[in-house]
Each structure stands twice: as structure tokens, then as C-alpha cells.
Amino acid sequence: MNLTKIQNLTIHNITGIRSNKIIFQNINFSLEKGSLFIIQGSNGSGKTTLLKIISGLLPKSQGDIIINNNFISENYLKDSLFYMDSTPSFKEDITLLDYLIYWNTLYNGLQNISYEYIRTSLFQLGLSHLQNKKISTLSLGQKKRLLISKLLLTNKQLWILDEPLIGLDKYWIKIFSTILLKHCKRGGIIIMSTHTDLNIKKNTFLILNTTNKFIQTLNNLI
């Protein structure tokens with residue numbers, strides 16, 4: 001897929017409800033291709049709910065998602081996005097290499113498999129020496145890096161990442177920041193939640209809090 005398919009993405013008056021309770025309301029922001037958008041907030045402020053609504057994994061109670069100035073259905077973005085959950089979930093009894101081969105076949109199609117590229121993604125995340133080890137033997141940080149390695153195998157323009165930095169030390173956070181910037185330079189769009197300072201100059205922050213009323217957007221914070 002051409003990484004400039006989405007020229008602009010607008011979230012308009014999105015409201016999230018969980019267990020008949022309003023978690024957040026009237027969320028509004030607009031992003032251009034090449035944008036990195038970071039969502040911050042305390043536990044319970046609705047970060048994961050918002051990300052899943054944008055991804056089409058949860059229904060929105062009101063509001064619109066607008067792509068290239070066109071209103072779209074909730075499922076429209078699924079073909080253009082990659083969603084990463086905050087909690088790694090794997091088939092634990094297979095090797096790292098077999099897992100990525102299986103995932104790549106399922107996600108990208110058999111004809112698109114490049115075993116060399118898969119091995120390269122493991123190398124870039126410092127996991128090549130573990131490629132024949134079972135996932136069950138990995139630490140939390142290693143599992144998170146395995147999850148991140150899938151970003152290097154996807155051609156999706158929109159990345160939606162829920163707390164991707166949990167379990168990473170400073171060195172791997174720096175490597176991950178480089179991956180994010182490279183994707184943005186190619187015309188990608190990233191929406192992610194994190195409490196960690198990435199020290200990336202060009203980004204936008206959305207601040208959520210648990211009152212469901214105060215929402216602040218800060219452009220080019222650093």
C-alpha cells in the first residue's frame with residue numbers, strides 16, 4: 001500500500017462509553033501524513049478505549065472519523081492500520097522465527113514472505129540470537145521487542161500503538177524512537193499512548209484526564 005494513501009485524518013467529537021459511563025467526550029484532533037500523535041493520561045482516562053475506537057475494535061457512541069475530508073465507516077481504516085495492544089499475546093510454544101513467519105503469512109500473505117527480511121527484523125530488535133528459542137522463554141522486554149519487530153514487517157500507513165514502551169529500557173526506547181521517525185518520514189501516521197518521554201521534537205500531545213471534561217492538545221511540545 002502506498003504510504004501516502006491517507007493525506008489527513010480527523011477525529012471529530014468522538015465520545016467513549018464503558019459500562020454505561022462516559023469515559024471521555026468530544027475528542028477532536030486532526031493529523032496530516034507524517035504525524036506522530038501521543039496520548040497521555042492517568043489510568044482510567046480512556047486512552048486504550050480511544051485507540052480501539054479509532055482502530056474499529058470498539059464502537060463509538062458518537063462522533064466521526066474523517067479521512068481525506070471524507071466521512072468513513074468504523075471498519076474503513078482496518079485495511080490501512082496496524083494496531084498494537086499494550087499486553088503482548090503470543091502462542092508461547094513456538095519459536096520467535098516461526099511466530100513471525102506465521103504472522104507474516106497471516107497478515108501480509110504467503111507471496112509477500114521474505115525470510116531474510118524477517119531475520120533482519122529480529123536482528124534490528126536484538127533478538128536474532130533467540131530466533132530458535134520458544135517465546136515462553138522470553139522476558140517481558142524481549143516479548144515487547146518481538147511485538148515491535150512486526151512493525152518492520154507491515155506496510156500499513158497508520159500505526160496505533162497502546163503503551164508500546166512498557167518493558168523497554170532506555171537503549172531500546174531510543175531504537176524504537178528511530179523506528180517511529182523513519183515511519184513518519186515515509187508518510188506514515190502514528191497514534192500512540194505512552195507515559196515515557198521519547199525526546200522527539202515534532203509531535204503533538206493529547207492530554208486526557210479522569211474528569212472526562214478537560215482535554216488539552218499541545219503542538220510541538222519540545
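Note: Cβ is positioned from N, Cα and C throughout, glycine not excepted.
Feature list (source: Swiss-Prot):
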DOMAIN    9-222  domain 'ABC transporter'
BINDING   Gly41, Ser42, Asn43, Gly44, Ser45, Gly46, Lys47, Thr48  ATP binding site
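DSSP classifies Ser42 (ATP binding site) as coil under the three-state reduction. Counting every protein chain shown, the number of other Cβ atoms lying within 10 Å of the Cβ of Gly46 (ATP binding site) is 26. Under the three-state DSSP scheme, Thr48 (ATP binding site) falls in the helix class.
A simple Cβ count within 10 Å picks out one of the binding-site residues Ser42, Ser45 as the most packed, and that one is Ser45.
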